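Here's what TrEMBL has on this protein:
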- 9-29: transmembrane segment (TRANSMEM)
- 11-134: domain 'GtrA/DPMS transmembrane' (DOMAIN)
- 35-55: transmembrane segment (TRANSMEM)
- 76-102: transmembrane segment (TRANSMEM)
- 114-135: transmembrane segment (TRANSMEM)
């Protein structure tokens, strides 16, 4: 249990850095483009690559004799592409809903940013579980 807690804390830290990268890129893209879903796909893929590379070296212990790390990276990227596509659509819906509900207020003005913040805990938990399974069990 202690190992799991340490890994969780380390992953949250690494993912937090990835999330900041994602968040900054996402919001910079939103200044130029109103395509929230596309902007999220681009920013998320950059962050995903960072989190995978750092987590496999600093947080998780690769299973001996398992699938090579390069193959795990491809599997993780495929998982992330599916997740990003689904989350991007969800983000677009949440952002539109927030914008229409809070139009004229600060929440309405920053609806895409607020939507990104709302979905982050769910995606971070899912990513931790998938990464732990993929790196340490397979």
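Cβ coordinates come from backbone N, Cα and C, glycine included.
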Mind checking which residues reach the transmembrane segment (76-102)? Cβ under 8 Å, same chain, six or more beyond either end. 36-38, 40-41, 44-45, 48-49, 52, 108, 111-112, 114-116, 118-119, 123, 126-127, 130-131, 134
From the DSSP assignment alone, can you count helix, strand and coil residues within the domain 'GtrA/DPMS transmembrane' (11-134)? 106 helix, 0 strand, 18 coil
